[in-house]
Amino acid sequence: MFPLLPHLFPGPLTSVRKHSSEKTLPAKRFQMENPAFEKSKDDPPLYEETPFSSNGYGNGDHRSVRPSVVSAFGHDTLDRVPNIDFYRNAGSVSGHRAIRPSLQELHEVFEKVSDRQTHDVLPNDDLEAIASPEDNGGVVKFGWIKGVLVRCMLNIWGVMLFIRLSWVFGQAGSGLGIIIIILSMVVTTLTCLSMSAICTNGVVRGGGAYYLISRSLGPEFGGSIGLIFAFANAVAVAMYVVGFSETVVDLLKVNDAIMVDEVNDIRIVGCITVVLLLGISVAGMEWEAKAQIALLVILLLAIANVFVGTAIPATEEKRAKGFYSYQASIMAENFTPNFRDGETFFSVFAIFFPAATGILAGANISGDLKDPQGAIPIGTLLAIFITGITYLGIALCVSATVVRDATGNLNDTITPGAKCNFSVACNFGYDFSICRTTKCQYGLMNNFQVMTMVSGFGPLITAGTFSATISSALASLVSAPKVFQALCKDNIYKALHFFAKGHGKNNEPIRGYVLTFVIAVAFILIAELNIIAPIISNFFLASYALINFSCFHASYAKSPGWRPAYKYYNMWLSLFGAVLCCAVMFVINWWAALLTYAIEMFLYIYVTVKKPDVNWGSSTQAVTFVNAVNNALTLSGVDDHVKNFRPQCIVLTGTPKTRPALLDLAHSITKNYGLCITCDVFVGPRLEQQQALTAAMEQNQMWLNQQKRKAFYAAVASDNFREGAESLLQASGLGRLRPNTVILGFKRDWKTVYTANVQEYVGVLHDAFDFEYGIVMLRISQGLDISHILEAEGTQEQQQAINNTTDSAGTKIHFKCHTPYYVTPPSLLQVHLFMFTILRNVPHSSDVAKINQRLVEASSQFKRKQGKGTIDVWWLYDDGGLTLLLPYILTTRKKWRECKLRIFIAGQPGHLEQDKEEMQSLLKKFRIKSNKDLFEDMIEPYRLHEGSKDTAQAEALRKEHPWKITDAELDRFEDKTSLQLRLNELLQESSRAAKLIIVSMPIARKGSVSDHLYMAWLEALTKNVPPTLLVRGNHKSVLTFYS
């Protein structure tokens, strides 16, 4: 299918073309080398990457320096031909994992370096790996016959075959009995088809049904059903052992050797039996497999013995017990149902169905199979077919030869002249009419040992019963710990990790065996087969339902990763199988079904809340993605409506953990109901910032998830902050899921930073207005940025690792901070170390320590529940209603629920001139002059003062400092400046005790108001007041009073 191209191979694949500028390196073998290719005798020159990236993945792992090789196309290259080893998981048990060259290795410039030994350090992130390849020597692996077919047949030919099958057909009749067997086969066949599709879609590890469900539907479903399925198998051990014990006790009763009484004898024999089975299981899989083969031989002889026995003419003793060889009249009489003792079709089905539950016996030891993908489908399907035919054949043979009731008394013959119409036995000279009033001991309805009676050699049936029950119990005793061990290894339930440990070359779950033994003994003490059987029927059916649903779900998701090699399945048949299993559960026992689902739901919720750190690429993820895309497309076809408006926020936090107050407030606004994107701009050349950006994407999104912040993280690399923010404003979002509101912090250091930084900051505000975004600006007196504290704490952690948490003077270093630290890149570490050294040399009582403490406390204030208080809204300008909508949204959140809204407005429509005159009068009356002096001192460094210069000098100053505030501009906006100062006084007078102030943001017209004057307005407006939000909508209505 993939022919090689021999003419493209000029020489060995690993030969190296020597260049005149290169020296031949001495031959040397690496300790760890890529097994995807072989080296020639002369190792090629080594190349390493430029400082762009250490590994191409941004995860900190060190990658080995790769040699170039001559490719299949005859030129030097780092490219590798396709190889299966590139696609293995780390720690794969089936072969070494190879690592292909990264895209950066191929794309970036490489520098030649001297020869040196390096190796890949690969984290073993594969939770599915069981053992390293080196540890696999001597492991016993089974083929499809010994590992699946034999095991499934022995488990299906269980206690029902010789002990309850005759009773089932006596109650239901051969007509409904056939339906019971066929219905069971339909359920198991559909489940097997689904299971075959799932297990041929990739490598199957140990864990059976748990593994298949968890890798298909995810840890939530897998973890819940894994516990239930393992428990069901443990209870199944008890069911099969009780069936065995019943046979033994019947023999004791015949020989008058009862030890205590029948019930207690079943318990005694059962406990002794399960101890012996535990010893075989603990001895290892090899011994267990040998025991299974021996039991199979006995079982096959016993089954053949039944068919032979029914063809042998009946003796008088057997005739008295209701056996008359093949008779059409007996078949006709036994065709119709005759339910007694409160039994119904479904109760009889519930008792029989566990006989079909052995189909997962092979899958449950999937980790011990040579080829699980090939063995499980063929072995399980063939086992279902063979055992189904066997059950039908034996049941019909017995139904055609044995009557329902018989006394076993040779004297119960028909008296000459007497009437007899009790049963068809009258036709053969026996009158069992006494069974109408007195419970008889023989016949299909009364004697559980009918198979022994009809067989050619009775003791062989007893041996077959022993074989069937013991083999099924042994298979379940092996399956339960294997499934449970796989569940515990995945560490979904951390408290159960104790049971994950294996022992010996086959990684035997000894601890799981002991736990299964304890559960089995507990249920053996019930000593009643008809009580135990329905208990596990629902558990197995729940497992089958989820296997079928897994196949349907994976097919429905249409994920490209769903490519099963087994093609004989249909997604709708799988869905039908799942629904059928659920229906059968309720039909068998409705309260047990509800209990099963309640337990499963509880475990599902538990796993969902705990969020285990696993990612198996489940179909649930695929369907979630498909639904998200479809919903986004559906939204795109619907016009926005003001009633459905909600703030979709793009939050300029930088690294989210560095501005927690900004993130917390944004999260309070959007919560689970709106879009929140935290954004970061990496300033600098893109190629230099790419590695940090790639690492930050994963780190910060993970941090947001850990902090339970329903937000996304987005980052760009750009030459300056404004260009990066512009890119984010234009490109963020998808369809209707696009941001409409920008949230950012007030630039507190605008008076001390470079002019270019102020211009970029104000430019971002202009760009946001140009793109019709609403703007929300948060100012807290203490500031928002705690990055220097986080960096210092990160440095402190490194110092503590060196000096065991003490400095040279023996004084412990401590920084209080409730936010996880951020470890800075190595290139900045020296700067932060210097800064930290300065900080720690300052006494803790110093101003710096107090400032940092207040900053940390202020940064966490929105994490806490706000007590009773007010949110003061100064709605000065009609911006579409965003200034009023945001505080309302806050009051609907739990943290802000106790706060009341107070609305302040600027004036009344129609009285603007009067309001202006009153404002001017107020500005004079309320001592604005003193505040104005402070304002003028604030802007003094940024004034041009061109009025005191001649025209030529003034023009030169404008060209040299175009960003400075001119006298003309200051005069032109004197009223607006005074307004900000007066508003600040009003805020201090009326809102000093508010929990939060929300005030309309003034707008600076582009080209008219200089950047520093605008920042001075914002500074003057929000100075010395509680936390303040400056809000300006995009002047499109977000509120409506229409229904």
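Backbone N, Cα and C define each Cβ position, glycine as well.
The region 'Disordered' annotation in TrEMBL covers 13-61.
Predicted-model confidence for the domain 'Amino acid permease N-terminal' (65-114) is 64, expressed as mean pLDDT. Summarising the annotation, TrEMBL assigns domain 'Amino acid permease N-terminal' to 65-114.
Marked as domain 'Amino acid permease/ SLC12A' by TrEMBL: 147-650.
Marked as transmembrane segment by TrEMBL: 148-169 (among others).
Panel annotation: around the transmembrane segment (175-200), residues 168-169, 209, 212, 215-216, 335-337, 345, 348-349, 352-353, 355-356, 359-360, 363, 366, 372-374, 376-377, 380-381, 384, 388, 391-392, 395-396, 399, 541, 544, 547-548, 550-552, 554, 564-566, 568-570, 573-574, 576-577, 580-581, 584 of the same chain, lying at least six beyond its termini, place a Cβ under 8 Å from a Cβ of the stretch. Here TrEMBL flags 175-200 (among others) as transmembrane segment.
The transmembrane segment annotation in TrEMBL covers 221-242 (among others).
Per TrEMBL, transmembrane segment is recorded for 266-286 (among others). Outside the transmembrane segment (266-286) by six or more residues, the chain places 140, 237-238, 241-242, 244-246, 248-249, 259-260, 365, 368, 470, 473-474, 477-478, 481, 504, 506, 508, 510, 513-514, 517, 520-521, 524-525, 527 with a CB less than 8 A from a CB of the stretch.
The feature transmembrane segment is assigned by TrEMBL to 293-314 (among others). Listed by sequence, the residues of this chain that lie at least six past the ends of the transmembrane segment (293-314) yet keep a Cβ under 8 A from its Cβ atoms are 146, 150, 153-154, 157, 161-162, 323-326, 390, 393-394, 397-398, 400-401, 451, 454-457, 460-461, 463-468, 470-471, 474.
The transmembrane segment feature in TrEMBL is assigned to 345-366 (among others). Nonlocal intrachain contacts for the transmembrane segment (345-366), taken as residues 6+ away from its ends with a CB within less than 8 angstroms of a stretch CB, comprise 142, 144, 147-149, 151-161, 164-165, 168, 171-172, 176, 180-181, 183-185, 187-188, 191-192, 195, 199, 204-209, 211-212, 232-233, 236, 239, 285, 337, 339, 372, 375-376, 379-380, 383-384, 387, 391, 472, 475-476, 478-479, 482-483, 530, 533-534, 536-537, 540-541, 543, 584, 587-589.
The transmembrane segment annotation in TrEMBL covers 378-403 (among others).
Within the same chain, residues 159, 163-164, 231, 233-235, 237-239, 241-243, 245-246, 263-264, 266-267, 270-271, 274-275, 278, 281-282, 350-351, 353-354, 477, 480-481, 484, 499 sit at least 6 positions outside the transmembrane segment (513-533) and bring their C-beta atoms closer than 8 Å to a C-beta of that stretch. The transmembrane segment annotation in TrEMBL covers 513-533 (among others).
Residues annotated as transmembrane segment in TrEMBL: 539-557 (among others).
Beyond the ends of the transmembrane segment (569-592), by six or more residues, the same chain brings 183, 186-187, 190-191, 193-194, 196-197, 346-347, 349-350, 353, 534-535, 537-538, 541-542, 544-546, 548-549, 551-552, 555-556 to within a C-beta distance below 8 angstroms of the stretch. The transmembrane segment annotation in TrEMBL covers 569-592 (among others).
Residues annotated as domain 'SLC12A transporter C-terminal' in TrEMBL: 659-808 (among others). The domain 'SLC12A transporter C-terminal' (659-808): residue composition by secondary structure is 76 helix, 29 strand, 45 coil, according to DSSP.
The domain 'SLC12A transporter C-terminal' annotation in TrEMBL covers 847-1043 (among others).
Residues 187-188, 190-191, 193-195, 197-198, 201, 209, 212-213, 216-217, 221, 225, 228-229, 231-232, 235, 353-354, 357, 360, 569, 571-572, 574-575, 577-578, 581-582, 584-585, 588, 596-597, 600, 619-620, 622-623, 626 of the same chain, all 6+ positions outside the transmembrane segment (539-557), place their C-beta atoms under 8 angstroms from a C-beta of that stretch. Listed as Cβ neighbours of the transmembrane segment (148-169) (distance under 8 Å, sequence separation of 6 or more from its ends, same chain) are residues 142, 177, 180, 239-240, 242-244, 246-247, 292-293, 295-296, 299, 302-303, 334, 348, 351-352, 354-359, 361-363, 365, 369, 375-376, 378-380, 382-384, 386-387, 390-391, 394-395, 398-399, 402, 444-445, 447-452, 461, 464-465, 468-469, 471-472, 475-476, 529.
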